[in-house]
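Peer 1: Sequence annotations record features per position, and here Swiss-Prot assigns Zn(2+) binding site to 45, 48, 64, 67 based on sequence analysis. Per Swiss-Prot, domain 'CoA carboxyltransferase N-terminal' is recorded for 41-298. As annotated by Swiss-Prot, region 'Disordered' applies to 1-21. Residues or ranges marked as zinc finger by Swiss-Prot on the basis of sequence analysis: 20-67.
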């Protein structure tokens, strides 16, 4: 059989032309290249489209090492990254009910099960007690992938419990907000959480304890209209979208075209809505420093 040898490989006449070497050009072995590239899962940056391994992006706090884009961080990952040491998780005893027997394209309990399977979490808010740089504090984080981080009764229960524990322990409360708003499947019960969380925050403030909100991408609706805008200090991550109604809804209502950076963190900083924009890598130290100043700690 007529065969030719190229680069140590035996090629037969049936070898596709795409696999035949071009004279004068060195080509890496295809299998070695694939093995090197796909030894672990990768994440594509939505901004620069660079492929980054999950290990690398996790080590970098979910900030793209190529373009510095802040990728969305899961709530549990964020709290574990934020705290030096986690003491306890709060509010795990609360579970969602379906008092309205709500059905849209599918029953509410089915949506809940899908969200739990997708995220591995039982609800859209995780609350933990831990310490950062030697200071004990309470922190909450929204899981946006759980029904768009929508606020229902369990989210309200967990937030209120976190605020009450902060008061009891004389510790500051930190909230990482990321939500599409109130959960429509719970109707008025969901809207009531705006009042409940706001009242809990006021009790916290009455005791002189700080409440710091970190606005991550995105924050909208009833969460913006309540707990996300009641902080003593509001920090935003770069390029986070923050608002009540979305840009498209507003444009359709007022029949005007809004300027491009509308509702971006940078635009809101220029207009006095947020106090500062902080890179995620500097966030732990920034919160720690603010807490120390607000609580007159050494």
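Backbone N, Cα and C define each Cβ position, glycine as well.
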Peer 1: For each of the binding-site residues (45, 67), count the other CB atoms lying within 10 A of its CB, then report the residue with the highest count.
Peer 2: 45
Peer 1: Which has the fewest other CB atoms in a 10 Å radius around its CB: 48, 64, the listed binding-site residues?
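Peer 2: With the binding-site residues 48, 64, fewest surrounding Cβ atoms within 10 Å: 48.
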Peer 1: Residues other than 45, 48, 64, 67 within 8 Å, Cβ to Cβ centroid, of the Zn(2+) site?
Peer 2: 46, 47, 49, 50, 52, 65, 66, 68, 69
